[in-house]
Amino acid sequence: MSTPGAPEYSAFFGVIGASAAMVFSALGAAYGTAKSGTGIAAMSVMRPELIMKSIIPVVMAGIIAIYGLVVAVLIANSLTEDISLFKSFLQLGAGLSVGLSGLAAGFAIGIVGDAGVRGTAQQPRLFVGMILILIFAEVLGLYGLIVALILSTK
């Protein structure tokens, strides 16, 4: 895919794609972890026996960062000095795809996890509903990962 006549700056867009994949997905994971962790801390004062059961949103938020890491490593390993502008733009699109969808998924997981953990402490039957909603929020990040893998392997 490399082109000998590629502009000198073409690799820049691939590097930005790798950076965007990691930065935005890590921001989403950090927000999801912090927001869910706050709910767990508040809930555990009254119901400490539910702490381990309530850790699921934090784990799911952490998985979002792994999606970004996978794409960032794929992009970084395929960067060369003479990469074509087309390939570099594909890498930028892949990084933005997984990064921004990871940011959105992290926000959703954090908000749902916080409310779900607090609600489950009051009414244990809400646990299954919380898990289902968390799965739908996690899938948002997975969609971005799928699109990013398609783009980065072209």
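Positions of Cβ are set from backbone N, Cα and C atoms, glycine also.
Predicted, not measured: the structure shown is a model, and the values here were computed from it.
The average pLDDT for the topological domain 'Lumenal' (1-9) in the predicted structure is 70. Under the heading topological domain 'Lumenal', Swiss-Prot lists 1-9 (among others).
Here Swiss-Prot flags 10-32 (among others) as transmembrane segment, drawing on sequence analysis.
The annotation topological domain 'Cytoplasmic' is assigned in Swiss-Prot to 33-54 (among others). Residue counts for the topological domain 'Cytoplasmic' (33-54) under DSSP, split into helix (H, G, I), strand (E, B) and coil, are 17 helix, 0 strand, 5 coil.
Counting residues 6+ beyond its ends, the transmembrane segment (55-75) has Cβ neighbours under 8 Å at 14, 17-19, 21-26, 28-33, 36-37, 39-40, 91, 94-95, 98-99, 102, 105-106, 109-110, 112-114, 116-117, 130-131, 134, 137-138, 141-142, 144-145, 148-149, 152-153 in the same chain. Swiss-Prot lists 55-75 (among others) with the feature transmembrane segment.
Residues or ranges marked as topological domain 'Lumenal' by Swiss-Prot on the basis of sequence analysis: 76-91 (among others).
Taken from Swiss-Prot, the feature transmembrane segment covers 92-113 (among others), and the record attributes it to sequence analysis. Note on the transmembrane segment (92-113): residues 13-14, 16-25, 27-36, 39, 56-58, 60-61, 64-65, 67-68, 71-72, 74-75, 130, 133-134, 137-141, 143-145, 147-149, 151-152 of its chain, located 6 or more positions outside it, place their CB under 8 angstroms from a CB of the stretch.
Sequence-distant contacts of the topological domain 'Cytoplasmic' (114-125) (same chain, at least 6 residues past either end, Cβ-Cβ under 8 Å): 35-36, 38-40, 42-43, 46-47, 50, 53-54, 57, 133-134. Residues or ranges marked as topological domain 'Cytoplasmic' in Swiss-Prot: 114-125 (among others).
Summarising the annotation, Swiss-Prot assigns transmembrane segment to 126-151 (among others) and lists sequence analysis as the type of evidence.
The site 'Essential for proton translocation' annotation in Swiss-Prot covers GLU138. DSSP gives GLU138 (site 'Essential for proton translocation') a helix state.
The Cβ of GLU138 (site 'Essential for proton translocation') has MET60, ILE63, ILE64, ALA105, ILE109 as same-chain neighbours under 8 Å, each 6 or more residues away in sequence. Using a Cβ-Cβ cut-off under 8 Å and counting only residues 6 or more beyond its ends in the same chain, the topological domain 'Cytoplasmic' (33-54) has close neighbours at 61-62, 109-111, 113-118, 120-121, 127.
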